[in-house]
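Feature annotations, courtesy of Swiss-Prot:
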MOD_RES   12  valine amide
């Protein structure tokens, strides 16, 4: 996944 600051998002 990818992390940006305090938000982590699952790479799809």
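Numbering starts at 1 and runs along the chain as displayed.
Using the three backbone atoms N, Cα and C, a Cβ is placed for every residue, glycine included.
In this structure, residue 12 (valine amide) belongs to neither helix nor strand by DSSP; it is coil.
All chains included, 4 other C-beta atoms sit within 10 angstroms of the C-beta of the residue listed as 'valine amide'.
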